[in-house]
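Data block below; observations after.
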Amino acid sequence: MRSRFAYQVLFQQFKFFLNLYFLLMACSQFIPAVQIGAPITYWGPLGFVLTITLIREALDDFVRFLRDRELNGEKYDKLTPHGFESVASSDISVGDLIVIQKDKRVPADVVLLRTTEKSGASFIRTDQLDGETDWKLRIAVPVTQNLPRDEDIFDLNVEVYAEKPQKDIHDFVGTFKASFCDARGAINALPFQVSSEDAVQDGSLNVENVLWANTVLASGRVIGVVVYTGRETRSVMNTTLPESKVGLLDLEVNNLTKILFLFVLVLASVMVAMKGLDKNWYRYLMRFVLLFSYIIPISLRVNLDMAKLFYAWQIGRDRHIPGKHFFYTVVRSSTIPEELGRISFLLSDKTGTLTRNEMRFKKIHLGTVSFSSDAFEKHEFVELVLDGFKDVSRHVMSAYAGKLGRHSFSSKLQTAVEAIALCHNVTPINENGKCSYQAASPDEVALVQWTETVGVRLAERDLTSMQLQLANGQAKSFQILHLFPFTSETKRMGIIVKDETTDEISLLMKGADTVMANMVQYNDWLEEECSNMAREGLRTLVVAKKVLTPEQLADFEKHYHQAKMTVVDRSEHMAAVLRRLETDLQLLCLTGVEDRLQDQVTTSLELLRNAGIKIWMLTGDKLETAICIAKSSGLFSKSDNVHVFGQVQTRIEAHNELNALRRKTDVALVLSGTALNVCLQYYEAEVAELVCGCTAVVCCRCSPEQKAQIVNLLRKYRAPLRVAAVGDGGNDVSMIQAAHAGIGIDAHEGLLALLFGYGEERSFRQASVVGRRFFNNTIFACLSAVVGTWKILLQEILCSLTVRYAQSYSTVYTMLPVFSLVVDRDVTPSNALTYPELYKELGKGRSLSYKTFCIWVLISIYQGNLTFTGSVIMYGALLVFDSDFIHVVSISFTALIVTELIMVALTVHTWHWAMLLAEALSLSLYAGSLLIFDQYFDRQFVTSWMFLTKTTAITAVSCLPLYVIKALRRRFSPPSYAKVN
């Protein structure tokens, strides 16, 4: 395991040319012909860099190990024939009966057998599994739930069948068979009575009977039988190793490293040519390559990694970017902070990201009349609803026959409100004298809360019954016969209830208009009103009803039970039986629910657009709703030409639609996930070209897989542009993982601060660190080359200089000032938000462009040549003898150190105490070295007035022209950040 860990870390490190280059240089020191010094001078720095990396990865791995050990060591009670015994989570195996307490993590996938609730209901939180914060209802197996005591489970002969492990957390197929008989068929001696008809019971198991591992029990205490453990649990099977994200800066550094390597080859070739070609020219070429290898800074990787960790720490401590429940933000990848400064495409979910995911019931349409939120608040509306409950049987038929007197219309409204109050999966929870509603969807909670405001309150609910409390004191009870939960495939839910007062059996259904329109009786208003509500930005649901006879119910239950007992294709068989019932439904009403926009979302989107970021909205909502939200949020500007992509089915249709899009300019595009699939199947490259040219894009009816597909499309065809994805739910996970920068949000603010306040600054600072580190080593290489030339190419002298000073120059004396640039700031946070155009300039990558790199190289050549040439000239000799060489080197090296500290100071935009401390510490450290290491420096000479004046003069000539150029540029052609400051 340890060897595998080391192998994986080293493989990731040597993927970069920088580290691979130094590995080859270090390995060459085992060849005597090209060895230029002690191997430690090459293996030491490389080993240091790799050791730092290994230590960092080992610490991360150790933290994961401690977290795993904590989870594996959690204690649970295990029910045995002899009572309860405590077991660790890691010791739980398939078939164990474990007890899970409230607010405890579920350690394995278990089938729910018993709960403390008499109804057998229990709730779990699945936010760690699918990102959804709503509670999910789970139901115990009736046979075991009805046993008097927990220990009575062992009086049963139980067989549990579970399908083979799979990833789908929304589906489960299993069967449960319980027998109270022994092997001879006689009923066991039991402490309770069992009839011969109930001696053998079997039933089907579905997802409502299962608790998945890593969910949290939200209510009561439960007992379950383990069916999957370890890698076979749903949570582990849905956990994929995320792609190792490589930042754009890392790729740019890798490319610049390759260019510097070519520069080293050219410089070494020039030196060999000046020395003269002989039969050993290749040996000298290799030696010069090794000598100039310091032009590529091995310490750069350490600088960058430390800076990334520092930036991640800063983001995690920033109170302006709140995390979950107002805790700090968690940075999962240290690459993300610098990536946030180079974003070109921002892909956002709608619900919970652009909107609040806080639903409010806004409108109900009954076919002939509609009511909005203003009417709901009036007392007359409540009276109208309650009036319908007084004599339902008398007026309901006339209402739907079109004879709309006051009483008949009240009955129609009453039927619709009652259906909304019954057709859901909401459970009222009473805690500390307060009632709250729990459901899998906030839409359902909004509907039930609305019925309460109009006088029909959901008072009680369990697995088999429901009670409604009317505002006039009347109570209505209903039996729950069957419940058909909502799924993304069916896009609807249903419930069969029996009114205990009238014995009327009703099938109530609600769902999306696209599926419900084919199930309801003919009408001439549903399609039009759905479009009208969608244009208002409302989420619509169609509510319908069908009265069943006892014979129809019995026939349905017979076939439905048979379908539930099948193991192969159970869902398809159950759906087929239900479809036979879902015909000729009576259309009751159309409801509209509003999802409120986030605060200041319009201003935020405008700032992002001004920053040059293209924003795409990916949502599962219908087309009209998506367009309305895009307009109201400001995603579509008033000048945009909105183009709705047609519903294409064939290649020819896709070709025609793409041609129509190509002819338009300033387009804001709206397309569906279905149309996108067809286009990508035939014209992937063309789609990427045309869609990326749009000012904004909205993709509606988009599945989680399609969201990730869109991210990958941008990464494939728009490289090296960076893509960020923002979402808040489990359906956004695949998109977030696929993006260069994935952002999961739980708060209502902080994204702008993350992009402009951190991304912009961190990308700029990292570029400064890279630039200064390349500059340091390039100038030293140039100095070494000039020294070699002045010494008539005496390689031994050059070797002595390089080996002696190179490491101390790039690490001991200049590393701290360069690293202190991580706290530099070119613009204030307020200016970054006020002037988003600054982000656009940074996104062009000018801070680390090839032009900027060439300027660094030219400055390095200038200062490197000037430093040594000036030292020789000012020392008074053109041919330097060995006795004078140490003095020239002392002047040159000192001038080089001071020059670098001054150049770092010229790079700084906003001084920080850490920068001043780094400059002072480095200068003091070098001054102490001059006095201590007398084998390298002449102490008497370095304390003389001549040494001080000559070093000062050379440094001034080296830095003054650059300072004047910078001052003139800031005066006559200042950069954007200087203008706003």
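Don't overthink the numbers, they just go from 1 along the chain as shown.
Cβ coordinates are placed from backbone N, Cα and C, and glycine is handled just like the others.
No curator has checked TrEMBL annotations; they are predicted automatically.
Note on the domain 'P-type ATPase N-terminal' (5-43): its mean pLDDT in the predicted model is 76. Per TrEMBL, domain 'P-type ATPase N-terminal' is recorded for 5-43.
If you look up TrEMBL, you'll see 16-34 (among others) marked as transmembrane segment.
Residues or ranges marked as transmembrane segment in TrEMBL: 40-59 (among others).
If you look up TrEMBL, you'll see 259-278 (among others) marked as transmembrane segment.
According to TrEMBL, the feature transmembrane segment maps to 284-304 (among others).
The local packing around ASP728 (Mg(2+) binding site), expressed as other Cβ atoms within 10 Å of its Cβ over all shown chains, amounts to 21. What TrEMBL records for ASP349, THR351, ASP728, ASP732 is Mg(2+) binding site.
ASP349 (Mg(2+) binding site) is surrounded by 26 other CB atoms, counting those within 10 A of its CB over all protein chains shown. Marked as active site, 4-aspartylphosphate intermediate by TrEMBL: ASP349.
The transmembrane segment feature in TrEMBL is assigned to 853-879 (among others).
Positions annotated as transmembrane segment by TrEMBL: 885-906 (among others).
Among the features that TrEMBL reports, transmembrane segment is placed at 913-933 (among others). Note on the transmembrane segment (913-933): residues 808, 812-814, 816-817, 819-821, 823-824, 890, 894, 897-898, 901, 904-905, 939, 942-943 of its chain, located 6 or more positions outside it, place their CB under 8 angstroms from a CB of the stretch.
Within the chain, the transmembrane segment (945-965) has long-range Cβ neighbours (under 8 A, six or more residues past its boundaries) at 859, 862-863, 866-867, 870-871, 874-875, 887, 890-892, 894-895, 898-899, 902-903, 906. Annotated transmembrane segment per TrEMBL: 945-965 (among others), in sequence order.
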Discussion item. In the three-state scheme derived from DSSP, which category covers ASP728 (Mg(2+) binding site)?
Written reply: coil
Worksheet, complete the sentence: Once DSSP output is merged into helix, strand and coil, ASP349 (Mg(2+) binding site) belongs to strand
Worksheet item: By DSSP, how many residues in the domain 'P-type ATPase N-terminal' (5-43) are helix, how many strand, and how many coil?
Response: 28 helix, 0 strand, 11 coil
Discussion item. Let me check the 10 A CB neighbour count of ASP732 (Mg(2+) binding site). How many other CB atoms are there?
Written reply: 27
